[in-house]
Amino acid sequence: MFGARFDPTADDSSSDESEEESEEEENENENVVNNDVAKDIDSVESEESEDSDHSNDPNDAMDVDSEVNTEVDVDYVSKYKSVFDKFKKSVPETKKIDSESSSEEEDDVEMQDLMPLPQPALPRDKRLISSNSHLKNLDWLATPIYASPEDSKPFSEFEISPFLLKNLERDNFTTAFSVQIAIMDILLHDIKRNRLEPDVKGDILVNAATGSGKTLAYSIPIIEALHNRVVPRVRAIVLVPTKPLINQVKATFVQLSRGTNLSVVSLRNDVSIKEEGIKIVNSPPDIIVSTPGRLVEHISNKSINLNSLQFLVIDEADRLLNQSFQNWCQVLISSLEGDVNIAEEWKITPQKLIFSATLTTDSGKLSALKFQKPRLVIVNDRKQLVNEIFNVPSSLSEYTIQFGTAKASIKPLILAKYLLENNKLSNVLIFTKSNEASIRLCKLLELMFGKLHPSMNIAYINSTNNKSAIRTKILKDFSTQKINILVATDLIARGIDILSITDVINYDLPNSSREYVHRVGRTARANQTGHAYTLCFGKGEAKWFKKIISDVGRGDKTIEKVEIELKELIVAEDENVYNECLESLSKQVFH
């Protein structure tokens with residue numbers, strides 16, 4: 001086949017034959033195809049003629065059997081005539097559309113800024129409400145429940161069981177104070193309603209001055225709610241920041257639950273966590289009093305089951321929320337919110353009770369507790385809400401004693417002489433800034449009173465002698481006046497609950513409004529009268545004291561300034577005694 005391309009004779013003969021064949025084919029086609037079809041396929045035939053001319057090329061010997069091909073093409077066209085008719089009609093329309101689009105493209109395009117196009121508002125299904133929507137609602141912070149500090153009411157007027165009234169009277173509790181009235185009215189109503197409606201009752205946050213009776217405010221309703229229980233399970237947990245508070249709270253629950261089968265347990269760090277966990281598993285208590293760290297350890301070891309918990313009390317909440325030991329808050333709350341199949345087990349939502357004398361309203365801190373339907377109760381005459389709520393007892397009288405910086409060198413002597421001149425020789429609590437300062441002041445006062453008033457007994461308490469046995473003995477001796485003056489630090493300020501304290505003296509200024517409130521709150525407890533004195537030496541200390549007391553609520557009362565004439569208070573003989581005591585103290589320290 002390819003050899004024919006290079007044979008001139010073959011090329012000439014083939015070209016002549018192809019011309020004759022093409023003429024015969026055209027004649028045959030005219031006879032076969034009718035006139036109507038011929039008109040419709042003129043364009044197709046013209047293309048075929050061009051193909052036949054191309055076949056005359058001497059170099060192209062590929063097209064043989066042209067007769068067969070032509071017959072196939074004619075049959076193809078005849079068969080799909082309707083398709084070709086539609087094609088012919090669409091060609092002019094396509095040209096028209098192309099011309100219109102080209103003219104539109106030539107039109108000027110309007111320039112637009114580079115900005116997002118406006119979008120329609122997304123539809124909202126108001127029927128779908130988040131189950132956590134209450135966490136975002138902080139209206140309860142702006143609408144607290146205020147209670148007057150002067151309110152009082154006999155316990156016999158509350159709807160509580162006879163055994164509770166009997167136990168209260170045995171401990172000489174006959175009248176409820178303001179915070180107890182406010183909280184008991186709410187909790188007792190919730191408890192009564194919950195017996196028929198086991199729904200979420202709502203959490204309670206309480207801001208009341210230290211010493212106002214917060215422990216009784218939550219312990220009485222808890223005992224009332226649990227005393228008829230049948231199966232012992234962990235139903236109430238009370239969290240406090242220190243060991244002394246654990247002992248005090250536990251003692252209150254034990255006294256109030258006399259005559260019932262309720263079991264009260266305190267978690268202690270001086271006992272093996274494993275042994276303590278085994279006891280709890282074998283004999284579940286009804287009420288647990290603990291520090292957050294110890295409780296988290298038991299939760300991690302799964303020795304405490306929280307499925308039956310009804311009450312979670314956080315006492316001294318401001319201090320506990322500032323602690324991040326073992327991330328206790330997140331661990332505890334996540335354990336309470338564990339997934340439970342309610343088809344198989346009914347889980348009660350525990351009611352959270354938050355108490356503090358310096359309650360924070362910082363939503364960032366409070367949100368970690370994940371409140372449900374919270375209510376804020378403030379025991380204060382001043383109906384004002386600030387970021388930190390600080391209140392002192394209404395029965396407290398506050399004083400400030402100010403001197404120039406030059407007199408700071410005889411500060412211990414001024415204190416000793418003022419106590420002697422004003423007959424404040426017992427039930428006096430003095431606060432210093434550090435362990436070293438408390439020990440030094442205690443020793444110096446012992447030496448001075450040994451020469452000025454020999455019958456005085458002075459002691460100190462701080463983190464260096466804060467073991468349970470030593471601490472218990474010191475506080476007991478102080479409450480029975482075997483110790484006349486006690487020098488302490490801020491670290492243990494919240495653990496002292498002695499009703500007999502009449503005077504608190506801030507020998508060193510507190511670091512914040514919160515510490516000031518907790519210091520002076522050691523007196524004027526349970527609506528008894530009390531006095532707080534603050535020593536300021538120099539303009540700097542006076543300015544700082546003015547700043548920290550500006551945020552403290554005290555009703556209509558003000559801080560009185562005590563005017564003292566040093567020439568009348570201190571004589572030359574007193575200064576000689578003071579210098580001798582300083583020399584004696586230095587010998588004790590360095591020898």
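Residue numbers in this text run from 1 along the chain shown.
Cβ from N, Cα, C; glycine included.
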Correct range for motif 'DEAD box' (source Swiss-Prot, candidates 91-94, 95-98, 247-250, 315-318): 315-318
153-181, 385-413, 530-558, 559-587 - the range that Swiss-Prot marks as motif 'Q motif': 153-181
Long-range neighbours of the motif 'Q motif' (153-181), counting only residues six or more past its ends (CB under 8 A): 147, 188, 192, 206, 208, 212-214, 216-217, 220, 223-224, 227, 255-260, 377, 379, 526-527
ATP site, defined by Ala208, Ala209, Thr210, Gly211, Ser212, Gly213, Lys214, Thr215: further same-chain residues with Cβ within 8 Å of the Cβ centre: Phe177, Val179, Ala217, Ala357, Pro393, Gly521, Arg525
For Ser212 (ATP binding site), the number of other Cβ atoms found within 10 Å of its own Cβ: 27
Neighbour tally for Thr215 (ATP binding site), based on other Cβ positions within 10 Å of its Cβ: 22
For Ala208 (ATP binding site), nearby residues of its own chain (Cβ under 8 Å, 6 or more apart in sequence): Ser178, Val179, Lys214, Ala217, Phe355, Ala357, Val377, Ile378, Val379, Asn391
